[in-house]
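Asks: Sharing the features that Swiss-Prot gives for it:
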type     : residues                                                            : note
ACT_SITE : 148                                                                 : active site, proton donor/acceptor
BINDING  : 10, 385                                                             : Mg(2+) binding site
BINDING  : 17, 208, 209, 210, 211, 212, 283, 284, 285, 331, 332, 333, 334, 335 : ATP binding site
BINDING  : 89                                                                  : substrate binding site
SITE     : 180                                                                 : site 'Transition state stabilizer'
SITE     : 241                                                                 : site 'Transition state stabilizer'
């Protein structure tokens, strides 16, 4: 193989997602997931050139064993030799990183410094970087960090500050950071292409809807606000996260209900959202499939879409210019026609009129405009964060 490929690593605390992409064509050569780290059933599954495989990693296996298995067992010699750089998804870069960077000792320290804002993710990313250095020592200078928070660093102060004592921001960095930046960036850029608008002129509201969900207001190609905040807990209703709520509810849960801080955190992060509202599941497909026959399903989806529509409406105001499109992406955004329909029905005041046939067709990888002709545009665009990571890595390494 003469082409230069990029290995993409997305390390979680107990898992490792990986892929190998051609950054020019976008062709995916390998994808996979290693999971259940530190447990008796640690395992790995992958798809190489269209063929699937899986294996046990051994009890207690983690990032090191997974990466060693990838290098020694999954990769062919040709594929291994074609890897020219490694791209690392990093959840939090704090205020320091506004774009992707080649990983140096200084960058590693920066990721460590931001770990207090992402205590589950950033330490895992650092493990992934360390293991990548060991597995591919000849590529040490070709490792690149792509930050989830970077795209949102163009937010103005009035958008990222909380109305708390200013010292909390100055001394401790308490502010809005946002997440899903790579996805919001990708679909805003793709919207510009599809609508034949320059990337630095596009005005869109991007809705990344999945188990985690966020909205971003993008004016002239730059993010000016986003719904996730200091952590991914703020904003929209999500699979298991509450999103926005009155902070005094936390005091009530602690002082009156006797719940510990750990119990409250678990409730807000793991037991709320669609799971909390349905009392059945965090899977949006349940609510969509049972919307007409189960009150719990209807309740959950109505709250989800109402919250989403409120954010979209408020972002229309702050963009302050002609809005080119509302973009739906992510697992729910790309596939849940009913979510898009209910949400856009809330926005009829602004002229949005859904085309039922187009909306129903836009799923399972199909994309396109879902609103009626000669009405404001809403469009479904599948996200591809891996491609952004591959392209940024190639740009900084090749």
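Placement of Cβ uses the backbone N, Cα and C atoms for every residue, glycine included.
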Asks: Max Cα distance spanning 17, 208, 209, 210, 211, 212, 283, 284, 285, 331, 332, 333, 334, 335 (ATP binders), Å?
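Replies: Across 17, 208, 209, 210, 211, 212, 283, 284, 285, 331, 332, 333, 334, 335, the widest Cα separation comes out at 24 Å.
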Asks: Long-range neighbours only, meaning 6 or more apart in sequence with Cβ under 8 Å: which ones does residue 211 (ATP binding site) have?
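Replies: Within the chain, residue 211 (ATP binding site) has Cβ neighbours under 8 Å at 238, 239, 240, 282, 331.
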Asks: Hey, does DSSP put residue 89 (substrate binding site) in a helix, a strand, or just coil?
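Replies: DSSP assigns residue 89 (substrate binding site) to strand.
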Asks: Where does residue 285 (ATP binding site) sit in DSSP terms: helix, strand, or coil?
Replies: helix
Asks: Please work out the number of neighbouring Cβ atoms within 10 Å of the Cβ of residue 148 (active site, proton donor/acceptor), leaving out its own Cβ.
Replies: 24
Asks: Taking Cα atoms as reference points, which of the recorded positions 89, 148, 180, 241, 385 is nearest to residue 209 (ATP binding site)?
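Replies: Considering only the listed recorded positions, the nearest one is 180.
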Asks: Of the recorded positions listed here (17, 148, 241), which is spatially closest to residue 385 (Mg(2+) binding site) when Cα positions are compared?
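Replies: Looking at Cα distances from residue 385 (Mg(2+) binding site), the smallest one goes to 148.
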Asks: Could you state the CA-to-CA distance between residue 241 (site 'Transition state stabilizer') and residue 180 (site 'Transition state stabilizer') to the nearest Å?
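Replies: A Cα-Cα distance of 15 Å.
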Asks: If you run the three-state DSSP split on residue 180 (site 'Transition state stabilizer'), which class comes out?
Replies: coil
Asks: What whole-number Å value do you get for the CA-CA distance of residue 332 (ATP binding site) and residue 180 (site 'Transition state stabilizer')?
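Replies: Distance (Cα to Cα, whole Å): 14 Å.
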Asks: For each of the binding-site residues (89, 285), count the other CB atoms lying within 10 A of its CB, then report the residue with the highest count.
Replies: 89
Asks: Within 10 Å of the Cβ of residue 10 (Mg(2+) binding site), how many other Cβ atoms can be counted across all chains shown?
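Replies: Summing over all protein chains shown, residue 10 (Mg(2+) binding site) has 23 other Cβ atoms within 10 Å.
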Asks: Please report the distance from the Cα of residue 89 (substrate binding site) to the Cα of residue 10 (Mg(2+) binding site), rounded to the nearest angstrom.
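Replies: Residue 89 (substrate binding site) to residue 10 (Mg(2+) binding site), Cα-Cα distance: 5 Å.
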